[in-house]
Structures are given as structure tokens and as C-alpha cells.
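Enquirer: Before anything else, here's the structure in question.
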Amino acid sequence: MSVPTHQQDLIALLEERGFVHQCTDRDGLAAHLAAGPATAYLGFDATADSLHVGHLQGLMLMRWLQKAGHRPLLLIGGATTRIGDPSFRDSSRPILTEAQIQANIDGIARVFSRYVELHDDSLVNNAEWLDGVGYLEFLDRVGRHFSINRLLTFDAIRQRLDREHSLSFLEFGYTLLQAYDFVELSRRRGCTLQLGGADQWANIINGVELSRRQGGAQLFGLTMPLLATSDGRKMGKSAQGAVWLNAERLAPFDFWQFWRNCDDRDVGRFLALFSELPMDEVRRLGALQGAELNEAKVVLANAATALAHGEHAARSAADAARGVFADGTRDSGLPVMKLSRARLAQGLSLTDLLLEHAIQPSRSAVRRLAAGGGLRLDGTPVSDPDAPLAGEVDGLRLSLGKKQHLHLRLED
């Protein structure tokens, strides 16, 4: 892969790959990035202990920036999580405890570190400055620079009010807090670029404008398109729920399958965004038709899984998919999982089997499934999944919950 340097027009590369929706000053930002290493930040409120594939576009964008020599900052909204961003939401978020927020911060940082190299000062919590600022001080320092009339014109707020949904003053003030975050990161860390989804445009330009009004540095904003699949589903969701980026919430095998099963129309676009393949290869794979397009889907699944979970997990998931699905199915229509007699003789347990095929993320996950009655062999609940498989298992149906069923097949 050809890795750009900060002397090149990085914006053109990002546009070609589909990362750019809007820039506050496209030419100015391109020149700024070409002039030398810049510091960019991506912010998340700590509302969950992981990120999902809906966040992946931002992580990949930050990865490209770091490869080009720029410095990434991960801003966790330890303070703003208590409020909640009202952007394009119909209701308020639940209030979390401090312990929940800290656990979520730790989980998000672990996911983020798989995509960019984090240093000791790469992780920032906005509680660092927001917890210490008084209300009157904040109004004087920040509030004087904002017009209520203008805030009411922003889509995120206007649409909420147009639908006659309640918007608390707490949430209304969120955009001022995010603007203040940008200015504080500029002052404290020399940060000049904020990244975000298209729904963050108003919050980002408020930060750019606040810095200008306060006589601070010139700041830039770049937003990414809000992604949806070609069949209209919001990116980050599947029929089974959120597609999480950590193995504790979603097994690498299921993560791999999400990409392998994507709509044919999405393959080229997803390869550009979620792999690091050169664009010539992306275009070649995206142009494949019919059965050949499955090759491109496997490439996509391998690339996305390797970034999220490592090369070993990607290979294991791909091998499991070949073993489970490539052979076709028996009369029942269920996919087949193969296991060797030699491995069975060594004391193979169901836990071992599910981990080796990357179908469950951990031993504890298998045990929880069994404890809840969700792990069954031919309809009989398995109480001890760690026990060696005994008796004749060839042809038995292995069930994981209500929706996932496999046939076991012994091979020499």
C-alpha cells in the first residue's frame, strides 16, 4: 500500500475513498495538512463500553491521518456523557453513573487503540476542563458568543422542536460544550482539526467560530457521510442487533460474517472505506459480478476483521466459514461444522470447538450461553460445555440460542 505523507494532498485521497462530506475550508485544510504534522481529534461520549461499525468510518479516517504523519487525539466525553448530544435524537439519553462512564471510557479506548497508535497523551477526557468551570464563568467565556436565533436554525435542534419533542436546556447547551471542547483542545494540545459525522456539522462549526471570536487559532472541521447500507439499514446494525467492534460483545466469526454477507451494491464502497487496499484494487474487486463478487466480499471480511481483531482472528473466522458453509448443507438445510476424530479423541469440548471456529468470543461467553439453556445438542441442553464430547456426535445438531443451528460432521 502506498502510504501518503503530510506533504501530499491527503484530502484528495480521503475524498477518493469516500470519507469526506463537508469541510469548513477544503483548500485551507489541504494546505494546513500539507504544511506539516497537525493534531486532529475524534470525540465519543461514553454511552457504551464499546464502539460499533457505525463508528468505524471515523476510526479509519483517523488511521489514514496518522499514517500521513498527523497526530490523533481521542476525546472521551466524560463530562458531556452526563448530558447527551441531542443531534437528531427524539428523546433524552439515560443518565449514567460515574463508575459506568469510566468503564465505558476504558472499553472505548481499547477499541480505538486497535486502529491508531495511542501515546500517553492521546486520550483526553473533557471532564479535565469542564468539571472545573463555573456556570457564570462559562456563560461569560462562551455563551456571549452564541445567538439563540442562530442555534434554533440548526437542523438537529429545529427537527426536534418541529416534531414537538421535548428538548431540555441541558441538552440545548450541548453544542456550546462541544464548541468549548474544540477551543480547549486547541489551547492545550495544539489541535486544529475536528472530525465527525455529518450530524455533527453544526457542533463543529460552532467550535471553529468560537475560536475565531475569541482570537484563537484558525481551526478546521471535516465531516463524514452518514452511512447506510444499500438496503436502507443504518450502518452499525444488523438483523441480530449492533455490530460491535470488541470480541466480548460480538464474536470475530459473526463480525466476519457481517462483512461477508453485505449487499452486493456495497462491496466497492466498503472496501474503499474499511480496507487499506489501493484504489485500483478496490475498483477491480468492486466491479466483479455474480459469483466472482464473493471473492471481493471475502477480501472485505478478512480486511475488516484483521483490523478489528487481528490477523489470527481473521484467518480463524475465514477458515471456520469455509469449514462450516462451503460444503453445502445436509437435507435439513443446516450448515455443517466439521471436526476431526483425532481432535475428538484428545478430549475436545464444545467450548474448545466453538472457540477454535471463532463462533464464540470467549470461554465465559460459552458458559453463559450454556447456563441460560441456549447451548443444545439435538435439543438436549448442555450443562457443562467444558466437558469432553462423548459418544457419537456425527450428525448431531448443535444449537446456539434460537436462531443459530449447525450439523456436526466427523472427519478422519
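Backbone N, Cα and C atoms are what each Cβ position is placed from, and that goes for glycine too.
Keep in mind the model is a prediction, meaning the values are calculated, not measured.
Pulled from Swiss-Prot, these are the listed features:
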| type | residues | note |
| --- | --- | --- |
| BINDING | Y41, Y174, Q178 | L-tyrosine binding site |
| MOTIF | 46-55 | motif ''HIGH' region' |
| MOTIF | 234-238 | motif ''KMSKS' region' |
| BINDING | K237 | ATP binding site |
| DOMAIN | 348-411 | domain 'S4 RNA-binding' |
Enquirer: Against which stretches of its own chain does the motif ''HIGH' region' (46-55) lie, if we need a Cβ under 8 Å and a gap of at least six residues from its ends?
Expert: 76-78, 81, 84, 93, 96, 101-108, 111-112, 227, 234-237, 242-246, 248-249, 258
Enquirer: DSSP helix, strand and coil counts for the domain 'S4 RNA-binding' (348-411)?
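Expert: Counting residues per DSSP class in the domain 'S4 RNA-binding' (348-411), I get 16 helix, 19 strand, 29 coil.
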Enquirer: Could you count the residues of the motif ''HIGH' region' (46-55) that DSSP puts in helix, in strand and in coil?
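Expert: Summed over the motif ''HIGH' region' (46-55), the classes give 3 helix, 1 strand, 6 coil.
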Enquirer: Where does Y174 (L-tyrosine binding site) sit in the DSSP three-state scheme?
Expert: helix
Enquirer: If H, G and I count as helix, E and B as strand, and all else as coil, what does DSSP give for Y41 (L-tyrosine binding site)?
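Expert: For Y41 (L-tyrosine binding site) - judged by DSSP and reduced to three states - the answer is strand.
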Enquirer: Using only the Cα atoms of Y41, Y174, Q178, which the record gives as binding L-tyrosine, return the largest interatomic distance in Å, rounded to a whole number.
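Expert: The widest Cα-Cα gap among those binding residues is 18 Å.
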Enquirer: Average pLDDT across the domain 'S4 RNA-binding' (348-411)?
Expert: 87
